[in-house]
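K.L.:
Would you mind keeping the following structure in view while I ask a few things?
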Amino acid sequence: MQTSNQTQEWGAFAKQCAQDAGELIERMLAGPLEVMYKSSASDLVTSVDRAVEQLITDAILQAYPDHGILGEEGIVTCNPAEFDTVWIIDPIDGTTNFVHQQLNYCVSIAVCHQGVCELGVVYDPTRNELFYAERGVGAFLNEARLAPPRTIKMHEMIFSTSLFWNRRAMQSGLSERAQRLAQRVRGTRVYGVAALELAYVAAGRLDAYLSLGLNPWDYAAGRLLIEEAGSIITQIDGTDIPFAARSSILAVNPYLYKSVLEFLETRPV
Ligand code: 2AM
Ligand code: CA
Ligand code: CA
Ligand code: CA
């Protein structure tokens, strides 16, 4: 169990790291952007992703040399399941948006202690919006506490997802069930930036977010934001999200969670 003083100190440090990352991103955007393929043309990494991961990691290891790092772009100093305190970092979530639009991307940082995430930061530098959650304390946007989730009916909801054309979701019938859900709601959105979409569910800008196959750096900080804001987050079949492993994600306003889950599970396709 962490003391709240210690978690607060980590929180202040994580916020500063995210803001420093934002400044580095903006500085680097003034120069040429080096874009590389990872596994395919739809799986990109840039020189900025790598520089940001290095910046954040160097700062953490200087301040907390005995902590572990799990970063998307290759800086992994520990097996998170066997380590005491682990920082889970997505230096740029939404890299495709970053490359094409220089908009709708964020920096995501979570700090987990003995398998439980204690704080999460999701920072959108272009809008200067910093979402912060601390376990047992709450969820905030730029120091203002997020409002509790609103009471809402299914026909009033909007949700974001990329499930409709996900190959695995199409094969399993999940895609068609999600489309039927889409026909019952006010609207759908596709932002392509998982951590920010989770922050938006926490903030009530979206009422749900659904995804398959997310990595811990995509959802760790957003998950705590959802929980501390009073919404519900599980895997897409309703089971608990594992620690620091690939997972599907179903994040929903608490008044809609049960009906969305039922819709995804039981409606005939
Ligand atoms: P990234 O930009 O950090 O890679 C895009 O729909 C969202 O899913 C982004 O948050 C993106 O993170 C993440 N993502 C990108 N490629 C993915 C993949 N192959 N599997 C799962 N998530 C992915
Ligand atoms: Ca990526
Ligand atoms: Ca990501
Ligand atoms: Ca990323």
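Any Cβ shown, glycine's included, is placed from N, Cα and C.
Pasting the feature list from TrEMBL:
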- E72, I92, D218: Mg(2+) 1 binding site (BINDING)
- D90, D93: Mg(2+) 2 binding site (BINDING)
K.L.:
Determine, for the Mg(2+) 1 site, the additional residues of the same chain whose CB lies within 8 Å of the mean position of the CB atoms of E72, I92, D218; present them in sequence order.
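P.N.:
Going along the sequence, the neighbours come out as D49, E73, I89, D90, P91, D93, G94, T95, S108, A195, N215, W217.
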K.L.:
My understanding is the cutoff is Cβ-Cβ under 8 Å with a sequence separation of 6 or more in the same chain; which residues meet that for D218 (Mg(2+) 1 binding site)?
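P.N.:
Sequence-distant Cβ neighbours: D90, D93, S108, A194, A195.
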K.L.:
Could you check the binding-site residues E72, D90, D93 and say which one's CB has the fewest neighbouring CB atoms inside 10 Å?
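P.N.:
Output over binding-site residues E72, D90, D93: least Cβ neighbours within 10 Å is E72.
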K.L.:
Would you identify the secondary structure of E72 (Mg(2+) 1 binding site) according to DSSP, in three states?
P.N.:
coil
K.L.:
Can you count the other CB atoms that lie within 10 A of the CB of I92 (Mg(2+) 1 binding site)?
P.N.:
29
K.L.:
Which binding-site residues from the list D90, I92, D93, D218 come close to ligand 3, meaning a Cβ under 6 Å from one of its atoms?
P.N.:
D90, D93, D218
K.L.:
Reduce the DSSP letter at D93 (Mg(2+) 2 binding site) to three states and note it down.
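P.N.:
In three-state terms, D93 (Mg(2+) 2 binding site) counts as strand.
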